[in-house]
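Participant: Structure provided below as C-alpha cells; questions to follow.
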Amino acid sequence: MQSTSLAQSPSTPFLKPRSGDILRSPSTRDALPLKLLERGARNSGLLPLRTVSLLRSASRPHALVPAAASSPSSSLLFLRRKDDGTKARAASAPGIAEDGATKLGGVTRTLRLVVMFGTWYLLNIYFNIYNKQVLKVYPFPATVTAFEFGCGTVIILLMWASRLHPFPKLTRSQLALILPLAVAHTMGNLLTNISIGRVAVSFTHTIKAMEPFFTVVLASLFLGERPSFWVVSSLVPTVCGVALASFSETSFNWIGFSSAMASNLTNQSRNIFSKKFMVNKEETLDNINLFSVMTIMSFMFLAPAAIFMEGFKFTPSYLQSAASQGLNIKELCVRSLLAGFCFHSYQQVSYGILEMVSPVTHSVGNCAKRVVVIISSVIFFQTPLSPINSLGTALALAGVFLYSNAKRMTPKLKV
C-alpha cells in the first residue's frame, strides 16, 4: 500500500490528471495514474517487477486473475527463450570447434608437406653434388654405393633402436616377396652411380626423365594396364627431349648413357614389383619399413659383390690417389659420409611423402625435384649447355609433367 499512496501523491508532476479525466469515473481516474506509473517504470527500469505487479493489483482489485500472476509467466517465457538461445549457441559451439580444428589440421598438414618437399629437394641436391665429387676422384661406383647403403643401414638400426619408427615383424613369405625388390633397388642405385661417375649430373637426370616410358611399358606387360591416348602422347616429348639432349651432350659416353637407361628399367621394375607386393594386405609393410628392409638387404648384397668386382679399395694407396686428384683423405671421408647420409635421408623422406600424398602427386613432385637438381648441378659444376641441349632437357621435363597430368585425368583401363 505504500507504493500505491506514493503513486497517487500530487507531488509527482507526470502523474497529474488531465482536464478530460474529471469526467471519468473514480475507478478510471484511480487506474490512469497507475498505468502511467507502470509504463514509466517499465521504460525507465527504476521499479522492480514485483512493485509494478503490486501496482496492477491495486488498480484492479476486482480482477479475477491478478496481474502479479501473469508477470512471472511472461518473465519465465522470456527466460526460456533466452535459455533456448544459449543452448542453441552451445550446441553449435562443437561444430564450430570441429571446423576450426579441421582447418588447423589442414594448415598443419600443408606446412608439413612443404617442409618435407623442401627437405627432399635439398638433400637430393647435396647428395648429387657430394656423390659426384667423390666419384670423380674415387672411381669405384660399387664400393661407393655399398658404403652409402652401409650408412643407411646404420641410420635404420638407430631409428628402430630409438623407437622413432616401429620395428617390423617379418615373416619368410614377406622376405621372399621383398627379395626381388631389394635386388632391383640395389641395381638401380648402382647403375645410377656408374652413370654419374661417367657423365655430367645434369645429363644423368635428363636421361632418368625417361622413367615414365619404362613405367608404361612394364605396367602394360606385367600388370595388364592399358595406357590412355593422352598418357602415350605425353611420352613423345620426353623421348624426343632425351634424344636431343644426348646428341648435343659434351660429356656423352655410352657407358654413362646405357647405365642411366638401365637404372630406369630396374627402378621401374622395383615399382612394379612393389605394386604386386602391396596387393596382399596381410603381407604389406608400411613404406618406411619396406624401404628400410630393402636398404639393409641391398647392403648385404652389394658389400661382398663390390669387393669381388672392384677389390678392397680402402687401402692407403687408393685414398692417396684420390687425394692427388683434388680431395685430401679427410675431405674424401667427410664427403663420402655426407653423401651416404643424404642418400638415405632423401629416399626416406620421399617414402614418407608417398604415405601422405597420392602416387601422381608424388610423381609431379619427383619431376620438379629433377628440375631443381639439374639446374643446381649446372650452376655448381658450371656445366656447359648448348641451346639444343637446353631445349632437349626442357622437352624431356615438360613431357614428364604432361605424363603426370595425363595420369591424374584419365582412369586406368585393364586389358
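Glycine is treated like the rest: Cβ placed from N, Cα and C.
Where the annotation comes from TrEMBL, it is an automatic prediction and has not been curated.
Just so it is clear, the model here is predicted, and its values are computed rather than measured.
From TrEMBL, for reference:
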- 1-12: compositional bias 'Polar residues' (COMPBIAS)
- 1-26: region 'Disordered' (REGION)
- 112-404: domain 'Sugar phosphate transporter' (DOMAIN)
- 113-130: transmembrane segment (TRANSMEM)
- 142-162: transmembrane segment (TRANSMEM)
- 174-196: transmembrane segment (TRANSMEM)
- 288-309: transmembrane segment (TRANSMEM)
- 388-406: transmembrane segment (TRANSMEM)
Participant: Find the average pLDDT over the domain 'Sugar phosphate transporter' (112-404) in the predicted model and report it.
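Facilitator: Here the predicted model's pLDDT, averaged over the domain 'Sugar phosphate transporter' (112-404), is 88.
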Participant: Is the count of Cβ pairs under 8 Å between the transmembrane segment (288-309) and the transmembrane segment (113-130), pairs 6 or more apart in sequence, 3 or more?
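Facilitator: These two stretches do not touch.
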Participant: Take the transmembrane segment (388-406) and find every residue of the same chain, 6 or more past its ends, with a Cβ under 8 Å from one of its Cβ atoms.
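Facilitator: Those are 202, 206, 209-212, 228, 230-231, 233-249, 360, 363-364, 367, 370-371, 374, in sequence order.
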